[in-house]
Amino acid sequence: MLAVMLFSPPQMFPSQANQFAANSGFTPNPSMFPQVPGGYPGPQPGGPPAPSPNQPYGMYPQPGGGMPQGPGMGYPGGPPPGQQMPGFPNAPAPTPSMPSYPKAPSPNPSMPAYGGGYGGGAPAVPAINDLIKDLKSELSGNFEKLVLATLKTPAQYDAYELKEAIKGAGTDEACLIEILASRSNAKIREINQVFKAENKKSLEESISGDTSGHFRRLLVSLAQGNRDESENVDISLAKQDAQALYQAGENKLGTDESKFNAILCARSKAHLRAVFHEYQHMCGRDIVKSIEREMSGDLESGMLAVVKCIKNTPAYFAERLYKAMKGAGTKDRTLMRIMVTRSEVDMLDIRQEYLKNYGKSLYTAISGDTSGDYKKLLLKLCGGSD
């Protein structure tokens, strides 16, 4: 059947055949478009009769015209041709004006990330709220939390996690660091908008009220989303920044944390990679080792996260996942957050880094550390074994 469809000669109008011949040099066989008066293809065996020479091709009327009429034409069970359809109670006028409808979406919309994606808009609120209500009544535990996380847009989920990390007696500093150190400027700005809309308070205000010192300055700087995102690298400026970091840390009694903050939170990723290279060449030590020597506590963790995300973001998340599943207990909140937020971003790269750095696949690690439907959904987000 397919061969017949592919290789049977096409049926053409004469004008189409002439244009085809003019463009290709091919002279079509007249049998390809049998002639009848008016220039329409002749009736085919078992098919409808050819239209009259003065009738538009097909059954659709010309603009402003009515349906074509002819002997026997009409609707089964309807009135004879030319008579008006009988009225019915509450029926609309015979020719009511068409209502206006919203603009249709583009034929090829971009595929959304989970929950609609950054900039993709949230799902219809009433529908999603009903779905969430039903899911909460049917599910429980970590599986419920994971399913509900997939229904949020990325910005909604990040804003929710930041709020949860800040509220209450303790602060989940690692969550604040992870999100703010790894998101782009555009994503940070959208997180700020969602956070303020949902909490009636800016993210910066919330961070400032829950942290202190140089760690607070680091988080506030990251939360502004003002990092240079150009790809240009000025090697002379990179050497200057490397020298400034060396003077602020290794070559100084004490540490000038503000200098680290100014450089690590404002410069572009491409530039900072060059700075790290120049720094190691200058003092013979990796910038990670210097930060570990010069800083401590949450500030150290924050600065290290920034550096690691700039050097190799998938490796940073692979390390976070490894630590979340290492030992007796599982840090399920961290595990869920990373699997959901990175599943459509760089999960394949994270899987490769996990296998390279920890000697087993991420799929295997999740399988051995979780169970039930919770495990099944995590493994779907993982995507496969390596």
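Quick reminder: no glycine exception, Cβ is built from N, Cα and C everywhere.
Because the structure is a prediction, the values reported are computed rather than measured.
Here is what TrEMBL says about this protein:
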- Met325, Gly327, Gly329, Asp369: Ca(2+) binding site (BINDING)
- 20-32: compositional bias 'Polar residues' (COMPBIAS)
- 40-54: compositional bias 'Pro residues' (COMPBIAS)
- 63-76: compositional bias 'Gly residues' (COMPBIAS)
- 77-108: compositional bias 'Pro residues' (COMPBIAS)
- 20-108: region 'Disordered' (REGION)
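The record gives Met325, Gly327, Gly329, Asp369 for Ca(2+). Within 8 Å of the mean position of their Cβ atoms, the other Cβ atoms in that chain belong to Ala324, Lys326, Ala328, Thr330, Lys331. Around the Cβ of Met325 (Ca(2+) binding site), the same chain contributes Lys331, Leu335, Ala365, Ile366, Asp369, each under 8 angstroms and 6 or more positions distant in sequence.
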